[in-house]
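Trainee: This is the structure, below, for whatever I ask next.
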């Protein structure tokens, strides 16, 4: 399959994801809740930092404290992101199965999987913290190597959320299983990232930028507010569409094709070189 054929196929799959969102607009609530939760977490950590800064004994250069705080921050973030993504994945699965989709059911399912969500967040936070520590305490070559490892880890965990949702696996086995699915079906090509990247760029040019310019004609602050609102909306839609896409592809690669995503379409986009 040529580059342009791959791009065309990826575009069609992206449109399928957005069509599912149009049919199930309530699915957008999950990335909204996730984003708001992350903002609260960042605010809480920032508030705690400034509170500690007023203590005379506080030493911001204490690496144990710094890396410990980093680990907790990663842990909470991974937990929140995985929790809401799993709820969205499950609702997408219900839609594929022709069952009723509801935010309540998605949240209920994630709550039922809290132990495995926490264990995965613990594993991912540990990996993230280790890579960050190595990166901050190594030279240029070390930074490049850890950066590559981080990218590989991100690619290998593409299917982790549906894997830990529906397969009785611990974090390490879930990582291996997700990596296996990537090797079997996706090979070395990640056309979806490019396709969603194009959609994201179009959203920035056609939604966020016009909103900023429209508000800027009145006042700079209004332009910034409208621009940020447009950016949040774009990130919400893109996050939901990408998670829908992951759920659909997982169903296909595990032998449960859906009527919304053609098996040959998925295979053609992600075949190895």
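Even glycines carry a Cβ here, placed using N, Cα and C.
No curator has checked TrEMBL annotations; they are predicted automatically.
Pasting the relevant annotations from TrEMBL:
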- 27-52: transmembrane segment (TRANSMEM)
- 72-96: transmembrane segment (TRANSMEM)
- 116-134: transmembrane segment (TRANSMEM)
- 140-169: transmembrane segment (TRANSMEM)
- 190-214: transmembrane segment (TRANSMEM)
- 220-241: transmembrane segment (TRANSMEM)
Trainee: Please work out which recorded stretch in 27-52, 72-96, 116-134, 140-169 has the most C-beta pairs separated by under 8 angstroms from the transmembrane segment (220-241)?
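Mentor: The listed stretch sharing the most Cβ pairs with the transmembrane segment (220-241) is 27-52.
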Trainee: Count the CB pairs under 8 A between the transmembrane segment (116-134) and each of 27-52, 72-96, 140-169, then give me the winner.
Mentor: 72-96
